[in-house]
Amino acid sequence: MIKITKFGGSSVSSAVQFQKVKSIIEADESRRFVVVSAVGKRDSRDSKITDLLYLVNAHLQYHVSCDDLLGTIGQRFCEIGKELGLEYPIGQEFGIFRERAKRGDFTPEFIVSRGEYFTARLMAEYLGFPFVDAADVVAFNFDGTLDMERTNAQLHDAIEQHERFVMPGFYGATVDGQIKLLDRGGGDISGAILAQCVGADLYENWTDVSGFLTADPRIVNNPKSISRITYAELRELSYMGASVLHEEAIFPVRDAGIPLVIKNTNRPDDPGTIISEETEPGLAEPIITGIAGKRDFVSVHIKQNHMSNQVGYLRRVLSIFERYRVSIEHMPSGIDSFAVVVQGSDVKDCLYSVVGDIQRELEPDEINVVEHLALIATVGRNMARRPGISGRLFGELGRAGINIRMISQGSEELDIIVGVEDKDFEHAIRVIYDAFVDSEDNVITIDELEAGKPGEDSVE
């Protein structure tokens with residue numbers, strides 16, 4: 001069995017955290033390949049090394065001294081090396097990097113990538129594993145896109161040479177050695193790519209939380225954890241703001257049929273959340289998997305009598321949004337009306353230009369703009385083809401005095417999205433959560449709903 005283990009910044013933030021990582025690796029011989037992020041925050045007052053490296057780059061670009069920043073970064077690495085008694089000459093190596101960076105020898109992407117690089121060098125020695133530089137195995141095209149064919153070949157070569165190794169996440173290189181970065185949080189993607197290429201049996205993503213929660217703990221007090229979730233559900237929740245894992249990390253392992261588990265470095269015995277392509281249906285499964293949402297949407301509502309008889313009307317409206325390079329988030333519709341829902345930030349400089357073009361080019365009977373809209377997604381694989389779910393949800397929101405401005409449901413019935421005013425956002429999430437959690441703080445299951453147990457008066 002092969003497990004890929006990826007440790008996030010909080011898991012490698014200090015010598016103590018390094019020791020926890022070593023205990024986790026030594027507890028299971030199948031954990032042969034390790035991916036690490038850059039040293040992260042030790043506490044809320046601390047800074048992530050990656051953030052500091054971005055600041056270094058900004059200082060260099062504007063010809064501002066970055067000596068203090070580089071000193072802080074170097075000290076963090078040296079402290080870890082010293083406390084763990086490592087022989088890797090981190091002080092000397094970082095000193096060389098420091099002087100060359102100040103001379104302008106490096107690209108911005110190279111500078112930022114050194115957080116992962118030096119963290120991985122320290123971790124490799126501490127675990128007694130070979131170090132494999134991501135620049136030698138994660139291949140990029142010159143346009144910044146991943147070259148998966150070359151990446152696959154290079155990773156296979158590395159695996160043939162080493163039975164186990166530590167690799168930095170977040171970056172790779174072009175064929176001529178130019179460092180390229182993945183998206184922020186891309187270490188998750190690096191681990192997923194490695195899992196796919198080696199044909200791993202499991203991809204473990206270690207962080208500072210014990211998996212996904214049913215709702216945001218900043219909004220809902222002590223929400224229930226999610227034991228199992230499908231990749232499709234995870235995509236829906238991640239898209240609506242639930243963030244534990246980089247959403248692009250899903251695709252390599254999903255396509256390869258590799259399950260993924262989110263685990264807590266500080267509480268390694270917690271079960272975490274298992275993510276897989278499918279889960280076995282059963283009556284003990286919860287009706288909903290999770291609730292997530294975002295604020296600051298804008299809805300442009302258009303009404304046109306006999307719109308269904310006008311060929312191309314919808315296309316003409318959407319082409320105007322495309323003209324302004326605005327992505328469409330949702331589009332609930334009726335016979336003679338529809339709404340185009342977009343991110344507020346996408347139209348902050350062009351909203352009334354878009355509305356003006358629609359008015360001038362299509363001359364609708366009515367056009368209304370609703371700003372300060374929040375969208376909340378209630379996600380669950382077990383909601384499909386089960387009457388009563390939407391009734392419970394809408395009924396509880398109504399009883400709480402929350403006005404629903406928009407409703408959208410996907411064809412697979414995987415989620416129900418409601419739009420509410422921004423001011424009702426947190427209250428609405430708590431109401432929805434309470435609608436599907438019983439008095440004993442357990443998420444209501446399929447058999448309870450179908451038996452008309454808790455809250456049966458609110459079921460359709």
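Just so it is clear, glycine is given a Cβ too, placed from its N, Cα and C backbone atoms.
Here the structure is a predicted model, which means the values were calculated and not measured.
Sequence annotations record features per position, and here TrEMBL assigns ATP binding site to Lys6, Phe7, Gly8, Gly9, Thr207, Asp208, Arg218. The feature substrate binding site is assigned by TrEMBL to Thr50, Glu116. What TrEMBL lists as domain 'ACT' is 378-451.
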- prompt: Where does Asp208 (ATP binding site) sit by DSSP, helix, strand or coil?
  reply: coil
- prompt: Are there residues of the same chain, six or more positions away from Gly9 (ATP binding site), whose CB falls under 8 angstroms from its CB, and which are they?
  reply: Ser37, Ala38, Val39, Gly40, Lys41, Lys48, Ile49, Thr50
- prompt: Of all the binding-site residues here, Lys6, Arg218, which one's CB has the most other CB atoms within 10 A?
  reply: Lys6
Statement: If you measure between the CA atoms of Asp208 (ATP binding site) and Glu116 (substrate binding site) and round to the nearest Å, you get 18
Query: Here the binding-site residues are Glu116, Asp208; which one has the lowest number of other Cβ atoms no more than 10 Å from its Cβ?
result: Asp208
Message: Within 10 Å of its Cβ, which one of these binding-site residues (Phe7, Gly8, Thr50, Thr207) has the largest number of other Cβ atoms?
response: Phe7
- request: Average the pLDDT scores across the domain 'ACT' (378-451) and report the rounded value.
  value: 84
Spatial separation of Glu116 (substrate binding site) from Lys6 (ATP binding site) - C-alpha basis, Å: 12
